[in-house]
């Protein structure tokens, strides 16, 4: 009988190719962005992407896929914190406009 420590568990035999991993990363980035726009300000999402690209890709010279992976991790953490802090929109999202309720009412006397 073969040593069980030297056998590869089912599903982990290297069947996933690099191309499939990159495709998975693309799908996850798109999915997190679709969900994040319902919970976080678009400006924040855009700034996280820009700063991730500048820091990991431009400054450190990391690959595009690594930069996307780091962005994905940051956005997952941001969404986790948002929900942990008491997001009440777990079912349907905050709606268009993200987390902002809209402009404040005008001051009294100016209506």
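Placed from the backbone N, Cα and C atoms, the Cβ positions cover glycine too.
For reference, Swiss-Prot has these:
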type: REGION; residues: 61-80; note: region 'Binds to human NUP153'
type: MOTIF; residues: 65-72; note: motif 'Nuclear localization signal'
Spatial neighbours of the motif 'Nuclear localization signal' (65-72) far in sequence, C-beta under 8 Å, 6+ residues away: 22, 25-26, 28-29, 32, 48-49, 52-53, 56-57
Summary of DSSP states over the region 'Binds to human NUP153' (61-80), given as helix, strand and coil counts: 17 helix, 0 strand, 3 coil
Mean of the pLDDT scores, which run from 0 to 100, over the region 'Binds to human NUP153' (61-80): 95
